[in-house]
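As recorded in TrEMBL, the features of this protein are as follows:
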BINDING   Gly111, Ser112, Ile113, Leu114, Arg133  substrate binding site
BINDING   Asp134  Mg(2+) binding site
Amino acid sequence: MPDPKPAAEIPLAPETLDQLRRVSTASLATLLFKRGFRNAYVQGVGPLRAGGPRMVGPAFTLRHIPAREDTDPLDAFRERDHPQRVAVETCPEGHVLVMDCRRDASAASAGSILLTRLEVRGAEGVVTDGGVRDAGEAAALSLPVFAAGPSAPTNLTRHHAIDIDVPIGCGGVAVYPGDIVVGDGDGVMVIPRALADDIAREAVSMESYEDFVLEEVRAGRPVIGLYPLTDPGNQARFEAWVAARRG
């Protein structure tokens, strides 16, 4: 099967990103599962700061292969075209830098200086299945950072940055440049860009119903016939609830 059409060529509805900011990764996981997508949750990655800001934006990718002693000396960073540095300086505003570190968190994939540079340049966030150094300072940034955890060693000990803006794997998930990346306290979901408009609309509707369900459960109603909705009486109550909220 051929690769999907380049995601960056697929237009998004103007409201899609705003809609995705209002919904949880849990809802997105359910809706993607309904469409047969079982592997869209980035494994082993979480927010550096609990309760930090949500993250929604198109993916801009950086791929690593294992480091080797003859290609990754400390002075490698003197190269003006070093892919890690170039990625930091070219990640478009509003995009999420997603790094493929082969699920190896034994070395950092970035630290507070590079992450601060991304914040200043207007990046939406960072996702890496590797480690992050200067984790305390990184967690204090307004830039959302999702990583496998803290790691002090420089990336040169384990990771050789090699490709920018190419399809990658991150936490076991295929990420194509331009796919929509959403992160919250539960982790990170990757939405194929071609599905993003539909998923966003359905997620808003789904969470509206779940708000109703929570009110019903707190009022003492059982979940059978309510969640999922199979009882016509609950359907009628939900429609009345929606009408009341609309005024």
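Cβ coordinates are placed from backbone N, Cα and C, and glycine is handled just like the others.
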Requested in this report: Starting from the Cβ centroid of Gly111, Ser112, Ile113, Leu114, Arg133, which together make up the recorded substrate site, report each further residue of the same chain whose Cβ lies within 8 Å of that point, ordered by sequence.
Outcome: Ala108, Ala110, Leu115, Thr116, Val132, Asp134, Glu137, Ala138
Query raised in the report: Between Gly111 (substrate binding site) and the residue listed as 'Mg(2+) binding site', how far is it from one CA atom to the other, in Å?
Result: 6
Query raised in the report: When a 10 Å sphere is centred on the Cβ of Asp134 (Mg(2+) binding site), how many other Cβ atoms does it contain?
Result: 18
Report summary line: The largest Cα to Cα distance in Å among the residues Gly111, Ser112, Ile113, Leu114, Arg133, listed in the record as binding substrate, is 10
Query - Ile113 (substrate binding site) and Asp134 (Mg(2+) binding site), distance between Cα atoms, whole Å - result: 9
Query raised in the report: Which residues of the same chain, at least 6 positions away in sequence, have a Cβ lying under 8 Å from the Cβ of Leu114 (substrate binding site)?
Result: Gln84, Arg85, Val88
Query raised in the report: Looking only at Cβ atoms, how many others are within 10 Å of the one on Arg133 (substrate binding site)?
Result: 22
Query raised in the report: Under a criterion of Cβ-Cβ distance under 8 Å and sequence separation of at least 6, what residues of the same chain contact Ile113 (substrate binding site)?
Result: Asp134
